[in-house]
Each structure stands twice: as C-alpha cells, then as structure tokens.
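Comments concern the structure below.
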Amino acid sequence: MPNADVDSHAALPTIAVLATGGTIAGSGSQGRATNYRPGQIGIEDLVGCVPGIDAVAHVKGMQICNVNSDDITGAHWIALARTIDELAARTDIDGFVVTHGTDTMDETAYFLNLTVKTDKPVVLTGSMRPATATSADGPMNLFQALSLAASPDARGRGVMVAFSDAIFGGRDVRKVSTFQTDAFSENDFGCMGYLIDGQPYFFNGSTKLHTLGTEFNASEIDGLPRVDAVYFTVDADPGVIDYCVESGARGIIVVGAGSGGYSTPWNDRISAFAGRGIPIVRCSRVGAGLITHDDFYRGDLVRGCDLPPQKAAVLLRLALTKTSDTTLIQRMFDVY
C-alpha cells in the first residue's frame with residue numbers, strides 16, 4: 001500500500017517564490033526594528049526560516065534582485081512580469097509569491113495586476129520588521145502568502161497582497177502606516193479576505209479588469225515612459241509642471257486637494273498644455289473617495305477615478321505605451 005504521507009506530499013502544489021529584496025530580506029542590529037539594511041538575505045535563507053512550509057507547497061526560489069523597494073524600477077517590473085508569464089506557461093508551476101519591500105509594493109502589485117497573463121495566483125508579501133528584529137513579521141507573512149498562492153480558491157482573482165492575516169487586491173491595496181505590522185489597507189473597500197491558519201477566506205473583490213482581461217503585455221513593452229507627479233499646496237508654484245515636461249516627462253499626475261482641486265494659477269498653467277500630447281491626470285492627496293468631472297478644470301485632463309497618485313502613475317505609464325489620446329486613456333482609467 002502506498003505511503004499516505006508520501007502521496008500527500010507529492011500532491012502538494014509547486015509555488016515559485018520570486019525574491020526582490022526589501023525589509024523581509026533585511027538585516028540589522030539584533031532586536032531592532034529600525035536602522036537596518038534591506039535586501040541582505042537571499043531567497044534560500046528567507047524560505048528556510050519559515051516553519052511548516054513543507055506541508056503547504058513545494059517551493060522553487062528565484063532571486064530577481066535584492067534591493068530596497070525604493071530602488072525598484074520600471075525595468076524590474078517588466079522583468080518580473082515576463083518571468084511570471086514564462087513560468088506560468090509551465091504545467092509544473094501552480095502559483096507565485098513575490099517577496100518585496102513594502103514602500104513600493106502597492107505599485108508593483110498594480111503593475112503586475114495590469115500586465116501578467118495568467119490566472120494562476122500571484123501573491124506579493126514582505127514585512128515591516130527585518131529578519132533580525134524581535135518578533136519579525138516576515139516568516140508568518142511568507143507562510144500566509146505561500147498558503148494563499150497554493151489555494152485553488154485564489155485562482156483568477158488577479159494579483160494579491162498577503163500581509164498581516166489579510167488579503168488585499170493588487171489594484172486597491174495601499175500602504176497606510178510607516179511602522180505598524182498591519183501596514184496595508186484598501187481604504188474605502190475593505191480587504192478581499194483573511195488568512196487563518198493558512199486557509200484563505202474571501203469576502204470581497206474588485207470589479208475592475210485585470211491580468212488576462214487587460215490590453216497590456218510585458219512581452220510587448222521594452223520600456224516605460226516617464227511620468228512625474230506634482231503636488232499642489234497653498235501658494236505652490238505651477239512652474240514645476242513646466243520643469244517636469246521640459247526635462248522629459250511624457251505625462252503628469254497632479255496631486256490635488258480635496259477631489260483633485262487646485263488653484264486658478266495652476267488651472268491656467270495646466271490648460272496651456274492642451275494639444276501638446278502631454279496627458280495630465282487629476283488625483284487627490286486625500287486617502288479616500290474618487291475624482292469626478294468638473295468643468296472648472298481645463299486642458300488635456302484625465303480623471304484619476306479612485307486611484308491614489310502612485311497607482312495613477314503606473315497606469316498612465318502603461319497607457320502611454322499605447323497612446324497619448326486622453327479620451328482613450330480615460331477609458332483605461334475607467335475600466336482598470
């Protein structure tokens with residue numbers, strides 16, 4: 001009679017863990033949660049410090065890069081998405097976990113949500129404390145991310161983030177704390193679900209198109225156009241927009257007050273860019289709500305809908321690989 005334990009282990013899914021660095025791979029003074037160096041620990045050591053992984057999945061590790069997530073670039077995004085697509089075509093890979101620094105994890109999650117071409121689970125995770133800190137949160141987050149990626153119920157839900165017992169959608173997740181271990185939220189919408197003892201429980205999900213449903217494909221993108229974000233405050237000089245465009249920005253994110261508002265001098269300056277092929281997206285510095293049409297604001301404008309500025313920049317960069325027509329770009333913001 002076959003050994004039940006052997007058969008059970010053989011039947012486990014295989015998850016590719018793609019490591020990019022960040023705090024989860026950080027090292028510092030023993031017991032300290034600050035003043036550490038991110039991206040110091042390799043993928044093998046990272047996976048090796050997580051107890052119980054052998055009962056969840058077979059793990060295949062790959063080091064994509066090992067950097068602070070503030071140093072992640074568009075080139076890293078493209079390489080990561082292409083790697084996922086290549087591995088997803090293999091029948092022996094069932095899902096993906098991407099370990100990543102928390103600072104720009106929400107941007108990477110959204111980029112992958114818009115570009116990867118698979119319905120296999122893709123889950124990002126990381127940590128707020130380095131591996132050398134007292135009560136480091138990385139091992140549990142990695143265990144939960146692997147459990148989520150290994151779950152058949154996670155298939156077809158788009159790119160997700162597993163962090164501090166919660167499941168977040170790649171489109172709507174954002175970082176909301178500089179130090180707390182439950183550092184992520186979806187603000188208006190609530191998380192997709194929770195992870196308890198490695199079991200995912202889903203309650204919510206975005207209606208926006210993702211992964212297989214988008215027009216973006218990393219294999220067709222050689223580079224991303226530059227998009228700059230400018231932040232409106234009282235008495236701020238709108239000339240900063242001129243500087244960005246003159247120095248090479250192909251699009252601008254205006255981070256406005258309230259529902260994407262800005263002063264008359266800013267409105268006049270922005271309207272002067274009409275017809276120059278420089279799409280300008282109105283977003284808000286407020287952490288919740290959405291941007292609606294307002295006749296006061298003139299120019300080649302795109303409403304950022306409910307996207308925070310950093311995610312609007314991700315979508316605009318991808319949109320600019322297709323077109324600079326603001327009508328077409330607005331459609332992308334409406335559906336993605």
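Heads up, the Cβ atoms here are built off N, Cα and C, so glycines get one too.
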Listed co-binder of substrate (same site as T102, D103, source TrEMBL) among S69, S147: S69
Other C-beta atoms that fall within 10 angstroms of the C-beta of T23 (active site): 29
Pairwise CA distance, T102 (active site) versus S69 (substrate binding site), rounded so that it is a whole Å: 7
Which of S69, T102, all recorded positions, has a Cβ with the fewest other Cβ atoms inside 10 Å: S69
Spatial separation of T23 (active site) from D103 (substrate binding site) - C-alpha basis, Å: 9
